[in-house]
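Undergrad: Below are the features listed in Swiss-Prot for this protein:
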- 29-270: domain 'ABC transporter' (DOMAIN)
- Gly61, Pro62, Ser63, Gly64, Cys65, Gly66, Lys67, Ser68: ATP binding site (BINDING)
Amino acid sequence: MAQVQMPVLETVRDNIGIAPFPEAKEHILEVKNLNIYYGEKRAVNDISMRIDKHAVTALIGPSGCGKSTFLRSINRMNDLIPSARTSGEIRYEGLNILDSNINVVNLRREIGMVFQKPNPFPKSIYSNITHALKYAGERRKSVLDEIVEESLTKAALWDEVKDRLHESALSLSGGQQQRLCIARTLAMKPEVLLLDEPASALDPISNAKIEELIVGLKEEYSIIIVTHNMQQASRISDQTAFFLNGDLIEYDRTEKIFMNPSEKKTEDYINGRFG
């Protein structure tokens, strides 16, 4: 299927005149000395790491360890929390997305997010995909039709819904709703997908479909997933970061994290001694 170009969607790079770092060739994100506070409480402590392009990076750790706060910082969702403040840098292909002159709306198109609980709009399946596109100015039906099919196909949902596109999205199963939410995000043509426990509320069969989908999507997107399911992290991710009490304890290839971790705290968590 031909790629659809949407000139109405300006990119972050088009909006900000900052030269990218040379290091951005192999890494799509570089985090430097990141601290995140809620009021006086520091939730993320001086984290530095690089995220590979076209890979799945898993963030693991016990509840309250800072992994979801860290994930939300990557497309500035924490800006929506009045008490939150951030210091340090998050460089997306060389651009510091924490700069005040970054267009946050455009940033969230390029770095899309899917949440734990499926949240389809109370609209038709078709309208769920096209809603943001129309808001951005795309009105051509032929273009919208193509994006709907392309996005639902990438989310492994097209064959299940192609004959019911104008039915309510709320009529779908939980697993189908979550894949619809992924398709809705893909319709905006992001570079990065942020997934906050996308399968935790689903049954085992739907969970397996989401995992299979994530592995396939990394060919085209860079994916960061928060998960409490360590088996899931070991199955689908290329790199794993272990967070504890706001600190990044260890970050390495997933195989090494699970088979031969360097830190005792990582080993204890992997082996279920706490968490």
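Using N, Cα and C of the backbone, Cβ positions are placed for all residues, glycine too.
What does the local environment look like for each feature on the list?
TA: Here the domain 'ABC transporter' (29-270) returns a mean pLDDT of 96 for the predicted model.
Secondary structure from DSSP puts Gly64 (ATP binding site) in coil.
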Undergrad: Could you tell me which of these binding-site residues, Gly61, Pro62, Gly66, has the greatest number of Cβ atoms within 10 Å of its own Cβ?
TA: Gly61
Undergrad: Which has the fewest other CB atoms in a 10 Å radius around its CB: Ser63, Gly64, Cys65, Lys67, the listed binding-site residues?
TA: Ser63
Undergrad: Write out the long-range same-chain contacts of Ser68 (ATP binding site), meaning residues 6 or more apart in sequence whose Cβ is under 8 Å from its Cβ.
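TA: Expected: Asp196, Val226.
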Undergrad: Determine which residues of this chain, when Gly61, Pro62, Ser63, Gly64, Cys65, Gly66, Lys67, Ser68 are set aside, have a Cβ within 8 Å of the centroid of the ATP site's Cβ atoms, and list them as they appear in the sequence.
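TA: Everything else in range on the chain: Phe243, Leu244.
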